[in-house]
């Protein structure tokens, strides 16, 4: 564990403040940068992490993925590689969302309504049927005058918490996970009573086939499957009604999180206890033995402020007050038996990068970040006459720049501006679009030009020995080549000694020989170049027939 040395500087960077980056989830690589910028909440789910639901700045809900059992709620079972809008929930704001293994989805809105859809073989949608739900259906039986504030799903059962501290459950009940005292499946929401009858529940969680509820006094109540000791009762018998975890006597629990068959709790003093299945080291106790009693987990001297687990994985994670994120359990196929310090800044990243499947353990929320990075601030200053201390006169037009930035960014300007007191530089060697693109590149690291203009910029990049810019120009030209401009681009590549580009343009001309040789560019081709082109073309067999 890294010890703090007094007086040693702590590096606080923007990345340590950085909110969640949804781009770490593979499924989001289907979305463009622009689409990712608009996301405010997201949940990645499904047996392989191949489904996602997300909300945008405009409170629209989109879904994407394989759509197993209609779990995207679109009314069909078609998979979609493009985000599709979930119109039936438009205008609804999501307060809490969870998913099962089918998968089925349970969603609570900020108004306290509950909607469910997806897999329903065990009545886990709570609508009284066992037909899969292809569109979101509002569940109001026994909940009509209740406001639901939190939802949790096990593999095939559902649990919700109301604003007045009551818990309702429904769905698969083979191990007593609905808490009704029997093992008959529960088709509609039923209040979980027994020893929870007069208690005020503040938070809930579900493992694969069990349930947990934390009450306002800090006690934990558990029910359902207990074959791996995941109820923490010191036994392995299933529990069909809620039972208090007596071993936590005198400890106030604030949060509970359930993995596939293991449980984590966080106390009000920032201490973590774990129990249940441990074949992957998911308890973080340093061995792989199951525990049927709460066992303290030593993460770091710092207090823990967040615990994370998810019923479809054997992975555990925690975050300390100092911002360190630890993970243990099954991490990308390895069994990590003690909490391992990561370089992540949030527990969500552990699940994106190391859980199998890579699914979200909670509804992710992304805060808009309107802070400009150094790079973004510099981009904005390009060609800004208000802050510039230098202007270039090209083709009778001014381009505004900053001496200090040009010197930092470009070897050529470092020497040419060294003792230069002038605030106007006249430039006649290059055209306005080309020179402007060059200066803009120094501010932005990117170029946006037609292939023909990129040829001029290639000349400039060669002249100023800007190799990275040279590569960008070549890429622009390759992307923009067509029959009409192929010869002109080939000539340019030869002239500026860009061998790789010359080879590319030559190949393009050979592959489109009939059309290229009828263009005006070919008719006006330089004599030596033409001879060279014909002899090279014959060498590669262009005139075989």
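A Cβ is built for glycine as well, from the same backbone N, Cα and C atoms used for every other residue.
Annotated in TrEMBL:
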DOMAIN    388-451  domain 'BTB'
REPEAT    59-110  repeat 'RCC1'
REPEAT    112-164  repeat 'RCC1'
REPEAT    165-217  repeat 'RCC1'
REPEAT    218-269  repeat 'RCC1'
REPEAT    270-321  repeat 'RCC1'
The repeat 'RCC1' (165-217), counted residue by residue under DSSP: helix, strand, coil: 3 helix, 23 strand, 27 coil
Per-state residue totals over the repeat 'RCC1' (59-110) - DSSP helix, strand, coil: 6 helix, 23 strand, 23 coil
Helix-strand-coil residue split for the domain 'BTB' (388-451), DSSP-based: 27 helix, 14 strand, 23 coil
For the repeat 'RCC1' (218-269), mean pLDDT (0 to 100): 97
Tally of DSSP helical, extended and coil residues in the repeat 'RCC1' (112-164): 0 helix, 23 strand, 30 coil
